[in-house]
Amino acid sequence: PDRRPPEDPITPPPPTKEEQRAGCGWRNENGVGFRIIGDKDGEAKFGEFPWMVAILKIEPVNDQDPEGQKLNVYVGGGSLIHPQVVLTAAHYVATAKTLRVRAGEWDTQTTKEIYPYQDRDVTHKEIHKDFNKGNLFYDIALLFLSQPMEMAPNVGVVCLPPRNERAEAGTRCFASGWGKDKFGKEGRYQVILKKVEVPVVDRNTCQDQLRKTRLGRHFMLHSSFMCAGGEPGRDTCRGDGGSPLVCPIQYEKGRYVQSGIVAWGIGCGEDRTPGVYVDVGNLRDWIDDKVAGRGIEPTVYTY
């Protein structure tokens, strides 16, 4: 018999074929490997949404010493649409100078996860030319990374919808994110990735609901937005700006398409007011154009 002492008992078996499926958009509904703690309400499992990334800003610990020790400050969420390209909201990244993207993260307080996270620096960003900080129209950006992420059970790409395709009203989708504040020991943020299930809301219904808020009765929902949520207590503030809203692809169990990017909301899951998301299908042409402009094939995120 093999008398060698067992290695670290948390080492998982080699990933099975199932975990590394070809193509975009595969959610690991039961997580990757195993979990030691029981599932908590609203927590994503390790590796459940492998396209989910954290966007970090690199800042000096001491402003007087800009070349000294650096701190990773959490800016918001994003999604991997290609091993080297991240989709996010423009208002989080428009003014930031040095950004870094972390894929495969789950619990931000520990590095003991079974598969490591991967960090890459952002070398180029594309902000939509019509992005407007005041009203957040066209709140979309692409971040191009210094090197591709390595695909792994906890790191994968999401699919994007065909141009102008919207998820049908009532479709139950997932938003995910780590909450606000900063990465690291000082910050108060969601330590473990959170998820919230929200139904897609028809645009007219959404506009009517939003007119009952402080936006007033003449509010017009811009074509670059879509809506989801509005169920009491299902709080989309958990999903950060920039984070993906993913919806199931019909007839392909376990496969998801990114219909929205978390943009803004009024209050938080109160009074049945839906959350507002950037409409990804409506901006698919822009995404394809910018990605192809940097020599990358849009086929990676096409299903």
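Backbone N, Cα and C define each Cβ position, glycine as well.
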Among CYS227, CYS237, CYS247, which cysteine does Swiss-Prot link to CYS173 through a disulfide?
CYS247
If you look at what Swiss-Prot says, which of CYS206, CYS237 makes a disulfide link with CYS227?
CYS206
For the disulfide-bonded residues CYS206, CYS227, which Cβ has the most other Cβ atoms within 10 Å, all shown protein chains included?
CYS227
At a 10 Å cut-off from the C-beta of CYS173 (disulfide bond), count the other C-beta atoms across all protein chains.
23
May I ask which residues of the same chain, at least 6 positions away in sequence, place their Cβ under 8 angstroms from the Cβ of CYS247 (disulfide bond)?
ALA167, THR171, ARG172, CYS173, VAL200, TYR256, VAL257, GLN258, SER259
